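As recorded in TrEMBL:
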type	residues	note
BINDING	A:Gly41, A:Gly42, A:Arg63, A:Asn158	substrate binding site
DOMAIN	A:7-243	domain 'Aspartate/glutamate/uridylate kinase'
SITE	A:Lys9	site 'Transition state stabilizer'
SITE	A:Lys224	site 'Transition state stabilizer'
Protein chains: 2
Amino acid sequence: MKPILSIIKIGGNVIENKSELSKFLTLFSKLDGFKLLVHGGGKSATEIAKKMGVESKMIGGRRITDEKSLEVITMVYAGLTNKNIVAELQANNCNAIGMSGADGNAIQAHKRPVKDIDYGFAGDIDGINDGLLAHLLTLGLTPVFCAMTHDGKGQLLNTNADTIASELAIGLSTLYDTTLYYCFEKNGVLKDVTDETSVIRKIDTETYEALLDQKIIADGMLPKMTNCFHALNNGVGKVCIGNVSMLEKNENPYTTLIL
Amino acid sequence: MKPILSIIKIGGNVIENKSELSKFLTLFSKLDGFKLLVHGGGKSATEIAKKMGVESKMIGGRRITDEKSLEVITMVYAGLTNKNIVAELQANNCNAIGMSGADGNAIQAHKRPVKDIDYGFAGDIDGINDGLLAHLLTLGLTPVFCAMTHDGKGQLLNTNADTIASELAIGLSTLYDTTLYYCFEKNGVLKDVTDETSVIRKIDTETYEALLDQKIIADGMLPKMTNCFHALNNGVGKVCIGNVSMLEKNENPYTTLIL
């Protein structure tokens, strides 16, 4: 039997709310088994960019990462956000180690080729260093990844945190019984987006198809779900979607995805 | 016989000069044996602070680290500078892993007590996690430290890079035959500060006393030398002071300190 590994991704909404982040980090620290955290950046990068006179360009909700934006992202994601999370986890007796994909060559990527849109220094993942991560976990360390990778030629790349989480989960599923958790502001995948109590508790391939047909899964949830099923189809045992309290061992509803 | 470990500290003058930094990182990558890099921050933190409207306070050449300054330092030292160095080392086939003292609880410190001056969030080092660092080195990793530590209670602390380098060297000298290198803008300790060719090639305890008496070692060099002899008196085999080219295996003069 493979050892259990939990990979948890938190987004901007958790990071930017200091008390919500503290609540999450306390829960995360108490999780049994091997674990790994991936965090996005969120609005703080945009705010700091503004202060520094750097314009944040977005197309269809995605950041266009020019040279100056990449500098700000490197400062905020890999510096400010990552190190404060690591220090707070240490205070919770969780031996965290902050990483970007460049550290230990943990996540190799290439600059996204220009098609219709030039995303600038955005990275698409080629592979992960599962051997190194397994070693770090064995040493009792908890890797904390920011949303950055590198191309192996000296270039840092801004990379979607959801994708980093799923690629890490896929890569590590040969060694671990891996569960992937996406923490966001909602209680889970909702039948009715206006009703937080309408959480769909379980989604498998069959119900997924049905939900797509009924257009219940649409808009922003669509790429998230595609990502989840991509993980499930490539070795990840289970994907959970919900808010921070899904890590509590109580009866709070959240969505579990399985094949 | 203990394995060889080289600990190299580079300061602001190397970091801020892109071609000098590249030259250094190429030389560093080619060093034989175990190695570890410590980098300071330098002027870029002050410049970015200015852009963000954060005032940099200095007393006697030392930074007063208030909350806003600590944020900037965390962004620049742990983010921008550290990750770009790591990415460039990776491009040089050196498997670097960027760290602050909080990562892996590598360097424990406490906030400097207020006496005459309140240095704010400045850290004085209590100990290092030599076991973890030895494990990382054994995995083929090269730790790259920025000038930050933590107090174990969630607080990051700005910490002098020279001191980090010497405390790491001292802590690791029980496991390794450790040499500490301080790379700076001068060729070494100079007999005449206006003459770069007047490098004192070797300083031992006896010549050190004589140089102090003759006031040849004074001003900024005094704390640097105190730091060096502190390391030598606590297990470090050798300390070298000079510019980047001291890592080249040629006949460039630099200063070697031994007991």
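A Cβ is built for glycine as well, from the same backbone N, Cα and C atoms used for every other residue.
Curation does not apply to TrEMBL; its annotations are automatic.
The substrate site is set by A:Gly41, A:Gly42, A:Arg63, A:Asn158; from the centre of their CB atoms, other residues of the chain with a CB within 8 Å are A:Gly12, A:Gly40, A:Ala45, A:Thr46, A:Ile73, A:Val76, A:Tyr77, A:Ala147.
When other Cβ atoms within 10 Å of the Cβ of A:Gly42 (substrate binding site) are tallied across all protein chains shown, the result is 20. A:Gly41 (substrate binding site) falls outside any helix or strand according to DSSP and counts as coil.
Spanning the residues A:Gly41, A:Gly42, A:Arg63, A:Asn158 that the record associates with binding substrate, the maximal Cα-Cα distance equals 13 Å. Just so you know, of the recorded positions A:Lys9, A:Gly41, A:Lys224, the Cβ with the fewest other Cβ atoms around it within 10 Å is the one at A:Lys224. Of all the recorded positions listed here (A:Arg63, A:Asn158, A:Lys224), A:Lys224 has the Cα closest to the Cα of A:Lys9 (site 'Transition state stabilizer'). A:Gly42 (substrate binding site) sits 17 Å from A:Lys224 (site 'Transition state stabilizer'), taking the CA atoms of both as reference points. Confidence annotation: the domain 'Aspartate/glutamate/uridylate kinase' (A:7-243) carries a mean pLDDT of 94 in the model.
Taking the C-alpha positions, the distance from A:Gly41 (substrate binding site) to A:Lys224 (site 'Transition state stabilizer') comes to 17 Å. The two recorded residues A:Asn158 (substrate binding site) and A:Lys224 (site 'Transition state stabilizer') have their Cα atoms spaced 18 Å from each other. With every protein chain in view, the residue among the binding-site residues A:Arg63, A:Asn158 whose Cβ has the most Cβ partners within 10 Å turns out to be A:Asn158. Of the recorded residues, A:Lys224 (site 'Transition state stabilizer') and A:Arg63 (substrate binding site) place their C-alpha atoms 17 Å from one another. DSSP classifies A:Arg63 (substrate binding site) as strand under the three-state reduction.
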